[in-house]
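Look at TrEMBL and you will find 16-36, 571-601 tagged as region 'Disordered'. What TrEMBL records for 44-62, 74-95, 116-144, 207-226, 238-262, 282-306, 318-343, 369-392, 420-445, 451-474, 495-514, 534-554 is transmembrane segment. Residues or ranges marked as Na(+) binding site in TrEMBL: Gly50, Ala52, Val53, Asn57, Ser292, Asn324, Leu390, Asp393, Ser394. If you look up TrEMBL, you'll see Cys156-Cys165 marked as disulfide bond.
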Amino acid sequence: AIPSLVISDLPRQVTAPHLDPMASPTPPGPQSHHRDKWSKKMDFLLSVIGFAVDLGNVWRFPYICYQNGGGAFLIPYTLMAVFGGVPLFYMELALGQFHRTGAIPIWKRICPIFKGIGFAICIIGLYVSFYYNTIIAWALYYFYSSFSGTLPWASCDNPWNTPACTNYFGRSNVTWTNFSRSPAEEFYMRKVLEIQKSGGLYDVGGVRWQLLLCLFLIFTIVYFSLWKGVKTSGKVVWVTATLPYVVLLVLLVRGATLPGAWRGVIFYLRPDWGKLLSTAVWVDAAAQIFFSLGPGFGVLLALASYNHFHNNCYRDALITSTVNCLTSFLSGFVIFTVLGYMAEMRDVEVEDVARDKGPSLLFITYPEAIANMVGSTFFAIIFFLMMIMLGLDSTFGGLEAVITAVMDEYPQVLAGRRELFVLGLITVCFLGSLSTLTYGGAYVVKLLEEFGAGCSILAVVLLETIAVSWFYGIQRFSHDVKAMLGFTPGMFWKVCWVAVSPALLAFIVISSLLDQPPLMLFDYQYPEWSISVGYLIEASSFICIPFYMVYKLVWTPGSLKQVRSRVGDPAAHAQAGSGQGPPLGSAQDQGWGAGQMVDAT
């Protein structure tokens, strides 16, 4: 049942919570089980920033920016952030902080029939962990290889090089052609990945034991950062979330002093106003901001659920989302000063150098430039250390979302067993990543990256926004925010939550489904059957939502009208769903509904 959007300003009497139409079903109060809290406010802020600022800020934003009009792209990017990304970022922080629970059980308090969203979020989180940590393992391999007097990707004199290898730095008689391969490209493909030993997805080959050891070390670090909860992860992020900014500034200063750096900056920011007439540019801007800020992954819900009840999550949302967007913009300068330098050395246009995107930008293009700088070993070490830190932060957040959701859903089974549960989850993620460590593992990574968290996560965010704004009710949600912060969200936020943000998400989902370019990697055309597998992966998470709806409607006792009331209205669900009344120790036990808590606040 969709609650009324009209609310009285008259003082309420203390009544049973289910009689108050604006009462939240399970208002915040003492938990029936112990729940950790952040030791310091900065632990939370750094964790959120660390999750939002990831490898995509470094490799995706600069490429998307120059491809879609340079400086002109900042206009749709900013508009999409203001009207789409930031409002949903704020919504998730507020939901997590008010209900103090993870992505699965929170739907009992919002709209029970949408509980499948929580399961879908957890499945998507697992898919991301299967490939994302492998990319961090690649960075760790590079980090280890950087501890040498001469970087192994600096020359063509290595056993893995081919006749196509062309080293043009410091040489005037070398011509760069479309068939040329740089030492950095051959190191990445033939030494790190050994992709020449794979025939594609039909024949991915055996597991690279060096990458297996790197991934094992990564997951070991992740386990000991998460096993005790926010008490440990909140301390780790002081290093993993701050060190990348120091490195970015060092690399920016170094890049700005390279010959030809100005060419890259001009190419990065030169506005192409005609691009703004293209629908694809606006789709890319919206997709970039949603994937960058990360609403819908359950991470913001989980991290905010460990906040104190009256923490100012509104200010936190503005600060962290602004830091994320500015970091993306700063990363563009770090990348394109170096691309300008490479174009100067090759005597080609910046556009020809900047054709690489995704991981190739970080594992081929940038290392190639570093290898030919003075002090190359130092810059290689700090660059790949930065990549490892950026990746670890996002992994912490993604897995914490799954951990919090499952432990809050099954507290009777998992309470006091967090260490064992985290160990089991890490083991599942490690085993699920094995296919990405094979000789053809890069093809698997690309497939999971495209379909593991593509349209499915955008559709999940869309349904989440609709469920909160239209079913839970924007007025009820606004009262929750007022109970925490002492003020009601302004009209701008309400309009965005109810109409603008859902419209933008629907626009992206439809556009993405209608425009499906061929999937390729390293000139390898993905076979049709692999695309079908990708669609199955994409559907396997989203299908949880309608399946749970059907399950809830079929198995909930009572007439159809009674069932619709119980599964659609959270207040009715809290009162009649289990027949046991509200949880022990909750505010309802004390005769207080959410509306009374608002007035008391």
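Every residue number used here counts from 1 along the chain in the order it is shown.
Quick reminder: no glycine exception, Cβ is built from N, Cα and C everywhere.
Keep in mind it's a predicted model, so treat the numbers as computed, not measured.
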- request: Using a 10 angstroms cut-off on Cβ to Cβ distances, just flag whichever of Val53, Cys156, Cys165, Leu390 is the loneliest among these recorded positions.
  value: Cys156
Message: In whole Å, how far does the CA atom of Gly50 (Na(+) binding site) lie from that of Cys165 (disulfide bond)?
response: 38
- request: For Gly50 (Na(+) binding site), list the number of other Cβ atoms lying within 10 Å of its Cβ atom.
  value: 28
Query: Over all shown protein chains, what is the count of other CB atoms within 10 A of the CB belonging to Ser394 (Na(+) binding site)?
result: 24
Field: Residue numbers, six or more beyond the limits of the transmembrane segment (451-474), whose CB comes under 8 Å of its CB atoms
entry: 2-5, 22, 88, 91, 95, 107, 110-111, 114, 117, 120-121, 124, 127-128, 130-131, 287, 290-291, 295-297, 494, 497-498, 501-502, 505-506, 508-509, 512-513, 534-535, 537-539, 541-542, 545, 568, 570
Field: Spatial separation of Leu390 (Na(+) binding site) from Cys156 (disulfide bond) - C-alpha basis, Å
entry: 30
Residues near Ser292 (Na(+) binding site) in space but at least six apart in sequence (CB under 8 A): Ala52, Gly56, Asn57, Arg60, Phe61, Gly85, Asn324, Cys325, Ser328
- line: Given the Na(+) site Gly50, Ala52, Val53, Asn57, Ser292, Asn324, Leu390, Asp393, Ser394, its other Cβ neighbours within 8 Å of the Cβ centroid, in chain order, are Ile49, Phe51, Asp54, Gly56, Thr327
Query: Near the transmembrane segment (74-95), which residues from the same chain, at least 6 beyond its ends, have a CB less than 8 A from one of its CBs?
result: 48, 65, 68, 106, 110, 276, 281-282, 285-286, 288-290, 292-296, 300-301, 304, 313-314, 316-318, 320-321, 325, 329, 461, 465, 468, 477, 480-481, 484, 493, 496-497, 500-501, 504-505
Message: Can you give me the Cα-Cα distance between Ser394 (Na(+) binding site) and Cys165 (disulfide bond) in Å, rounded to a whole number?
response: 35
- prompt: What stretch in 44-62, 207-226, 282-306, 495-514, 534-554 has the biggest tally of Cβ pairs under 8 Å against the transmembrane segment (420-445)?
  reply: 207-226
- request: Can you tell me which of 44-62, 369-392, 495-514 gets the most C-beta pairs within less than 8 Å of the transmembrane segment (282-306)?
  value: 44-62
Task: Determine, to the nearest whole angstrom, how far the Cα atom of Leu390 (Na(+) binding site) is from the Cα atom of Cys165 (disulfide bond).
output: 31
Message: Using a Cβ cut-off under 8 Å, which residues of the same chain at least 6 positions beyond either end of the transmembrane segment (495-514) come close to it?
response: 80, 83-84, 87-88, 91, 279-280, 283, 286-287, 290, 454-455, 458-459, 461-462, 465-466, 468-470, 474, 477
